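K.L.:
Annotations for this protein, taken from TrEMBL, read as follows:
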type	residues	note
SIGNAL	1-21	signal peptide
BINDING	Asn286	substrate binding site
BINDING	Cys440	heme binding site
Amino acid sequence: MAPLLLLLLGLLSLILGLLRGRNRRDGEPPLIKGWIPFVGKALEFGRDAHTFLEEHKKKFGDIFTVKIAGKYMTFIMDPLLYPNIIKHGRQLDFHEFSGKVAPFTFGYPPVTSRNFPGLQEQISRSFQLLQGDSLTSLTESMMGNLMLVFRQDHLGERTGEEGDWKSVSMYEFCNSVMFEATFLTMYGRPASSSRHHGMGVLREDFVKFDNMFPLLIAQIPIWLLGQTKAIRKKLIDYFLPHKMSSWSNTSQFIRRRSELFEQYDTMRDVDKAAHHFAILWASVGNTVPACFWAMYYLVSQPEALEVVRQEILDILNLRGVKFSSDRDVTLSKEQLDKLLYLESAINESLRLSSASMNIRVAQEDFGLRLNGERSVAVRKGDIIALYPQSMHMDPEIYEEPQTFRLDRYIQDGREKTDFYKDGQKLKYYRMPFGSGSSMCPGRYFAINEIKQFLSILLLYFDLQLEEGQTRATVDSSRAGLGILLPTTDVRFRYRLRTV
Ligand code: HEM
Ligand SMILES: *[C@@H]1O[C@H](CO)[C@@H](O)[C@H](O)[C@H]1NC(C)=O
Ligand SMILES: *[C@@H]1O[C@H](CO)[C@@H](O)[C@H](O)[C@H]1NC(C)=O
């Protein structure tokens, strides 16, 4: 897929990019253009963004501008400079970028104030319903839905007293459980049953769409992508208002958004549905791989897994109590907040697997202040980019950065927050959820649902990796877009625990 992406990127910028090359002006960062007109360095960047940036950092220093597919992107590589970029709200805009890319990818009309007065603000406001008080009911609902899916799909078939091992693929397992439980929590259930019919097909279509996601984000026209348009239409149609209105126990967040869309006569039913579909992507697209990596690292380190399991038993006051699989567990938000080792494990796996790019677009020509004495000139329309993966993998900040350490974020029984670069304490040292004004509004819910998923797993099951497999590695072809997927799936065994 990557070569296709690059070819298309190249073609597209050839067609669209009547941009003339430019030369570096005084005060601007080093400029790297590559020798292919228009395409610039897109080929190398697309192949392996992390290595590309590390090599350029060695050659050109902490700040440099690269021409990528017709766009000039200035990378700020030193994490000590992040705070200054992140707080630059006025001159560096995020929504100019997301406002174009998201509608193109998910198939709804751009949310401009001309077509839909006030909608952008209302949408942003709806994100509050993923946090605060609403988070409590979301979290409760998620627990119920996770238990429902686990009980019906994985806790039922008890074979023999000891319970037999069952062997499955880990990514597939995480995907089937989390996709459905998250779906039920967000959108609710059908009027007359507890689960939606055809969830398996929906999930398969979603995976097909998701495979094309990087190409759509790169603005490749959807008609060039085979069946993708038809698949997207099928996915969108799932959320048409007349279907959704018959569902019950829909989250407040989604209900608010539906009500909001009703206020706009200019919005067609398919547009409303496409907005709901975009939220489906936002709520599972990163969460599923994040669950995979957290589960994978714990299952590959049985001692770490046992520490976390004991912590959960402690918090639930279950240690020593005979825990039976007939019993449903509930984990309140307060209990989830106390699970320090579990949280460290999740944050550590996010550090290892996330590769999101934080993007801002310069609104005018100006001098971007980096710290007390230093600033660089940027031009209107230029993209300023942070690439936190470089920080996550910096051995000066994180000793043995490739290794999963359960207690990476724990010190003296509390959360560890001091990490250093050049002897200075970092304000930002882990950024899987973006930064500043564009930070993921679902981050608290995401961490809670991953905690719930892992807690259920560890309480009910013995878990083992199957022998003879190579270590799971990240597939970098989606670098820049969030949590990376594993190159290949991993086999594991599980059986009901007999405590
Ligand atoms: C581990 C799981 C997750 C990760 C790593 C993640 C990461 C991100 C990132 C990096 C962004 C873009 C921020 C930027 O560009 O600066 C984002 C945006 C967003 N996320 Fe998440 N996310 C996760 C889970 C969720 C969940 C569970 C929800 C909802 C239930 C959600 C809802 C959203 C929404 C609505 C946006 C767009 C915000 C906007 O337009 O301003 N995310 N997420
Ligand atoms: C549905 O919502 C009601 C009230 O909001 C709640 O009492 C009930 O437990 C929920 N049912 C399910 C299956 O989540
Ligand atoms: C884990 O990450 C979340 C979100 O970034 C943060 O709020 C929490 O304090 C972190 N916990 C630990 C133990 O690192």
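Along the chain as shown, the residues are counted starting at 1.
Glycine is treated like the rest: Cβ placed from N, Cα and C.
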K.L.:
Whole-number Å distance between the CA of the residue listed as 'substrate binding site' and the CA of Cys440 (heme binding site)?
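P.N.:
If we compare the Cα positions of the residue listed as 'substrate binding site' and Cys440 (heme binding site), the gap is 11 Å.
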K.L.:
Could you find out if DSSP has Cys440 (heme binding site) as helix, strand or coil?
P.N.:
coil
K.L.:
Which of the three DSSP-derived classes (helix, strand, coil) applies to Asn286 (substrate binding site)?
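P.N.:
DSSP assigns Asn286 (substrate binding site) to coil.
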K.L.:
Among Asn286, Cys440, all listed as binding-site residues, which has the most CB atoms within 10 Å of its CB?
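P.N.:
Max Cβ neighbours within 10 Å, all protein chains included: Asn286.
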